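Take a look at the structure set out below.
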């Protein structure tokens with residue numbers, strides 16, 4: 001697929017520290033966070049003017065789903081806009097708490113595990129054609145996704161019976177199946193529930209739930225960009241070596257526990273390969289594919305360059321090559337500097353605190369944003385683009401229609417209902433427009449509906 005629709009959903013961890021007598025449960029904190037949303041949207045599940053969806057997920061986790069984007073860079077801008085929107089709700093909730101005499105600070109973490117060992121996710125969505133064989137797509141993708149953490153993990157200090165260790169991925173410990181239609185009960189690598197949010201005869205939505213949530217824009221670029229290239233190869237029928245894993249679930253944990261990428265995992269055919277070798281195989285094929293197909297645009301070149309440098313860095317152990325660009329390395333080096341300075345063991349509570357503070361989305365407190373302010377991390381988006389994306393939808397996808405419809409309906413104080421495919425005015429006529437094509441950003445039916453308000 002030359003032009004693909006992408007979407008990211010991030011669930012955020014909520015916590016609150018209190019200095020007074022009154023303590024609030026995560027549920028109550030989440031209600032404070034969403035009070036402003038509920039006051040104008042009459043629900044804790046709303047679509048916004050930028051085409052995105054914001055809602056309170058199971059277990060009081062706020063979740064932000066980006067609008068449909070047709071470029072990886074735009075996807076990153078909109079994912080970051082989601083962080084900024086939630087940061088705004090955070091400030092609001094703290095102000096409300098203080099007005100009610102409750103002394104406390106609310107924290108939102110863009111990570112994947114809390115201190116109680118619960119996991120919440122970052123789900124990636126890729127639109128794929130209906131014609132291909134979905135099971136083949138999944139088979140070829142699983143070895144890629146199991147080892148992909150090496151290039152885009154968020155890193156985690158994991159407590160084990162033998163002491164604390166630094167792992168590459170946060171999500172790896174919480175994945176229990178390869179392919180499944182459930183997301184919460186059994187966490188698979190690829191979720192097969194068939195909800196394309198588009199013309200079901202033409203499209204399917206590939207729902208990848210194995211990835212970590214990323215703070216780094218460049219890590220996000222590599223995560224989604226490399227996956228898109230692998231998908232394009234599979235769609236084009238490129239022959240790839242059979243790297244089916246004997247036990248993907250065991251492999252995903254083994255890969256996460258090995259920062260060198262050298263440890264061998266068993267393949268279904270009895271051979272053994274390291275995570276690094278598996279990634280190098282996909283990378284080489286993707287680079288040759290991009291070359292042959294004339295796909296070497298600036299954006300693709302940047303993805304391939306970062307992919308290659310990351311594999312070189314892991315292979316040689318020279319992590320400085322990617323110390324400004326890949327989350328798990330940025331965080332690892334931050335922790336190592338701190339440990340050396342304070343003579344701390346990996347298991348020290350202050351190290352665990354640092355691990356968590358990296359993911360704090362508050363730009364005044366979060367460690368990732370402290371590094372960003374100091375110019376210590378690379379960017380792909382600008383602050384202005386992110387600010388605009390808080391209220392302006394992508395202009396080249398269906399999100400534009402949804403965003404314009406919501407904006408007009410709110411301005412005219414009209415009662416309306418929207419989801420990913422429907423736009424409905426709740427008046428006598430109950431007029432509804434069904435938008436099945438996610439690539440269409442212009443539709444006279446929607447324009448008619450908007451101008452009738």
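Here, residue 1 is simply the first one shown, and the rest follow in order.
Every residue gets a Cβ built from N, Cα and C, even glycine.
The feature Mg(2+) binding site is assigned by Swiss-Prot to 9, 55, 63. The feature ATP binding site is assigned by Swiss-Prot to 53, 66, 420, with sequence analysis given as support. Per Swiss-Prot, active site, proton acceptor is recorded for 57, and the stated evidence type is sequence analysis.
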Given the binding-site residues 55, 420, which one is most crowded in terms of C-beta atoms within 10 angstroms?
420
Near residue 57 (active site, proton acceptor), how many other Cβ atoms are within 10 Å of its Cβ?
18
Near residue 53 (ATP binding site), how many other Cβ atoms are within 10 Å of its Cβ?
20
Which three-state DSSP class does residue 53 (ATP binding site) fall into?
strand
Count of other CB atoms lying within 10 Å of the CB belonging to residue 63 (Mg(2+) binding site):
20
Going by C-alpha positions, which of the recorded positions (9, 55, 57) is nearest residue 66 (ATP binding site)?
9
List nothing but the one residue from 9, 66 whose Cβ has the fewest other Cβ atoms within 10 Å; the candidates are the binding-site residues.
9
Round to the nearest Å and give the CA-to-CA distance linking residue 55 (Mg(2+) binding site) with residue 420 (ATP binding site).
14
Between residue 9 (Mg(2+) binding site) and residue 57 (active site, proton acceptor), what is the CA-CA distance rounded to a whole number of Å?
11
Other than 53, 66, 420, which residues of the same chain sit close to ATP? List them in sequence order, counting a residue when its Cβ is within 8 Å of the Cβ centroid of the site.
7, 9, 47, 51, 52, 65, 67, 68, 399
Around the Mg(2+) site recorded as 9, 55, 63, what other same-chain residues have a C-beta within 8 angstroms of the site's C-beta center?
10, 11, 53, 54, 57, 62, 64, 65
Residue 63 (Mg(2+) binding site) and residue 53 (ATP binding site), Cα-Cα, nearest whole angstrom:
8
Round to a whole number and give the Cα-to-Cα distance in Å for the pair residue 420 (ATP binding site) and residue 63 (Mg(2+) binding site).
15
Can you grab the distance from residue 63 (Mg(2+) binding site) over to the residue listed as 'active site, proton acceptor'? Cα atoms, rounded to a whole Å.
6
